[in-house]
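**Student:** Pulled the feature table from TrEMBL, pasting it below:
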DOMAIN    137-233  domain 'Ig-like'
DOMAIN    239-326  domain 'Ig-like'
DOMAIN    357-445  domain 'Ig-like'
DOMAIN    450-537  domain 'Ig-like'
DOMAIN    542-630  domain 'Ig-like'
DOMAIN    634-716  domain 'Ig-like'
DOMAIN    743-838  domain 'Fibronectin type-III'
REGION    826-851  region 'Disordered'
DOMAIN    843-936  domain 'Fibronectin type-III'
DOMAIN    941-1043  domain 'Fibronectin type-III'
REGION    1028-1047  region 'Disordered'
COMPBIAS  1029-1039  compositional bias 'Basic and acidic residues'
DOMAIN    1047-1143  domain 'Fibronectin type-III'
REGION    1187-1286  region 'Disordered'
COMPBIAS  1200-1211  compositional bias 'Acidic residues'
COMPBIAS  1217-1230  compositional bias 'Polar residues'
């Protein structure tokens, strides 16, 4: 059995979880059975999947065992990690900060730790001003400093900013004002500063190259973008040249120069043959960083192809090819025997003289190189020689940085990523072969463009406050710092007595509203520059909460989570967290509060469940919000699938039994070889198992059971081995599959001492998989008999260990062996050993005192277990006394875990102590805990309740708080009960159901919202404690003003024809005032094209409207809203149905008037009439017709002839027509009798009876020749066809 770690996910904020659920990026739904991927690590932090180091120590042995399994990083992850590390800003000399995290049941890769550091840094970032408050502009998006564009596309230079009021934008080009209005090709996007240069009507992009800078301005200041250098990509053609064949002696070095045309950006170089076959490279033949192709020594086989240098240009996606080089190799051995290529002394076999190495690049024995900090350093040494030399790299006076150094191009290049000052020095490459060695020394100097030490941050101050902007940067050479304000040099700005510049710091004292501005810090040296904007905003704002109220967060036990409480205020409020509305501020220990208001709980426990309140306070007031935290049990697979070996055709069952939190929905799925398993007809999936019938070879592999809820998941893996029936292994040990080890045996206790004992055991068979660990468990027979607990864990190489014991425990031990397949069955128990007793060394935990009635206090605690009792008759000494009265302690001895103190005053604080004691003595002096007796209902109601109507749906309440001694408990909240008495509209029924609004804490004011406009209300107030409501205050009445109505009901759009559209609607469900009419807005649209919007106003009694269509093809979009004196209410939108296809309708109308259509209809009507006549004749004559003996061809014996000379057609009507038959040569011949109506009459005219029946006889008026001349006439005659059907 193999076990894989699982990733837990618990929502950190209700809003965040809802948003994640809405867009599909929920961590719970983003689980993967193979979580080797980069993820949003701030979201990972939020969802609480991490396990802190402190929690790790306190976790149970089972939890630790579940968490300890790790997986290695893939090469792709390592590359992603390098990219993340390279992109992450670092302060010089600083290491990783923040706690080291361990993902619950899945150890994170190092990239996770790095990204979590960034998440922690974001938690401590500056607080932003809400956008509804006035603020200077801030640049939010801009193009890169070196902006290279494709000449085939329009040019886009981005610049976006936020601010209140919204900023306006202008640009400079080459430090001069850029007048956009004068150039018809240049435009600026709406509500943005982004420039668009359009070349669809002509123009050359090169004309617009230069240095651009964006200015975003409002009345509070001006923010600047970076100076953006615009360059147009270039991919020049290769100069044409005729290359003569390169003649070279075999074994000599050779360099084929590429010399690509200079492009922007530089092209990617690669070598191929003229037939587009890649050139094989190795340590003898390779391409240098400059694009040249180097041969350390030329061999005869190099002549078998030609060599062409290719340049690929990024922006134009073009590849240019240089004329190919052709080699002519002069040799002493003209036979190119391929067998010599792998000869151990290939060069001697071919007659090539061996020689010592020499450098082809760089030349000489020493060179120097300069590199900028943060970039990659590439050192290159390419040597010639016979045999081909090997290259080795060294650094003088130290080792190569193993974490950043990589060897490339067959060790000919050394790359050091993310260079820092420590990487400067002398490096040398050593080229060696059996003839000798040579070295080249490269002196590396590290310079640095400016980088931030302290980047200036936005400064939010209250009037009269002090502050400072700090702009510290480093570089080599040392950068200079220039301050600007609103884009102008600070020296030329108007003097400000409240501002003082001290080098890289601006100090503000006693700031006023007039001090608002945007400051720019520009730090630069010869290698680059940094530009930062930081505004100074002077505001006077009481605290406000920026997140939804009353969020619900669910988190898995023992995980880490974060409760968010974003807030704002000026002066910057202080934030405090409280749990369940009582206790002291939460910070320290298991809690940590960040500057942005987030509360981190490092390890969630059951007792952490509850309601958390964050309170932000400044001198102007306070604001608070609540978060409800629910702690859920983790999902655990307690009976895991086991590795199995099965013969082909047998049945296999893999068990997977799961324990999970019952309030979460459990889903169990299976993977095969880490891919989703398709459960076919041969498989049966149940809640706790997977059964495979008729096992086949394709069923062999790993099976993973995935038990998941919306918050976490657990995985367990087993391997199924399928044996063929005829398989007979020759080597039994090699053929046997690995299995779980056999149980250890012969447990023995020695070296018995008061607090320790030595346990020795004999290992069982490891079943072809070495034992890695032993787990020692114990059981005691006093508190939890029959329950085994983990005691300790030892390496697989140990079979004897000293166990540390607790006093007065009757121990019994057993041992479990573990290998990579799984765990063995437990060994048989050892003999028992009881340690001597001692006084307790600890006291019970979680001591609490709470009232269950108004005149009592119940004291509870968590009882101690067997290993902490230390002696017989464990009992608890409970002491209590009223706080601050200095009265003597009351005490009682209790054997359980609770004690009730009776006859207590209502809600008074008590000091409580609980001390453990056994027959050997008492435990240490206990800590004092504060508890409270029971609460009673409050005795007083809020007085002087004042109501101020804020708008049509909200009122402001103000009241006098009750005296604390009348609360008789903990004041939970003030509560307003209100109900809608009536509406100011006549004959409108309203619900008088009582509603309530809560105002937590001891506060004198609040706001009631979500009221119905234009209504009469009544309101009462009470104070609430833990027991319930107090008496009600005097009933107050108030009236809400008129508001905007709700949307009209049942808005219907019908289209009876192509000319008109009928609209109908009903009055709004909530008029919220006196309706004065309806407003209808409609617009025609056809695809993406929109017509002009038309507005119609109707009276309040009109609920219908008929519109004449101006266009039978377009559809219409209608928007209808009702109006009161206050304004228009919520609108409802409908669209007209799609019109039928006009062309189809016209075609239908045209067909009915076509002549061919009328003729076809007449022919069909005539045929139907003739068919009716024939049917009528058949019914009248009985179906028999007399025929004269006038046939030229006698009847055959098979012809159905009656005695009276008539033919009976009644049974032969469905036969083929008698007028034709097939001859032997395949032709169709006419019968000699034609069956026309004229030929059947007597004397040539047809006669009819009185009833209209036909009474003529068959006659033959045509001779045989005429009949033969018209062989096909009868077959196509409609009359004959009708007769054959009749």
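Along the chain as shown, the residues are counted starting at 1.
Even glycines carry a Cβ here, placed using N, Cα and C.
Note that TrEMBL annotation is computational and uncurated.
The model shown is predicted, which means the values in this text are computed figures rather than measured ones.
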**Student:** Please figure out which one of 137-233, 239-326, 450-537, 634-716, 1047-1143 racks up the most CB pairs under 8 Å against the domain 'Fibronectin type-III' (743-838).
**Tutor:** 634-716
**Student:** Any chance you could find the range in 357-445, 450-537, 542-630 with the most Cβ pairs under 8 Å to the domain 'Fibronectin type-III' (941-1043)?
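**Tutor:** Looking at each of 357-445, 450-537, 542-630 in turn, the most contacts to the domain 'Fibronectin type-III' (941-1043) are made by 542-630.
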**Student:** Could you tell me the mean pLDDT over the domain 'Ig-like' (357-445), as a whole number?
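**Tutor:** Mean model confidence (pLDDT) across the domain 'Ig-like' (357-445) is 93.
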**Student:** With DSSP helix as H/G/I and strand as E/B, how many residues of the domain 'Ig-like' (137-233) fall in helix, strand and coil?
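**Tutor:** Secondary-structure composition of the domain 'Ig-like' (137-233): 7 helix, 52 strand, 38 coil.
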**Student:** Count up the helix, strand and coil residues in the domain 'Ig-like' (450-537) according to DSSP, in that order.
**Tutor:** 6 helix, 52 strand, 30 coil
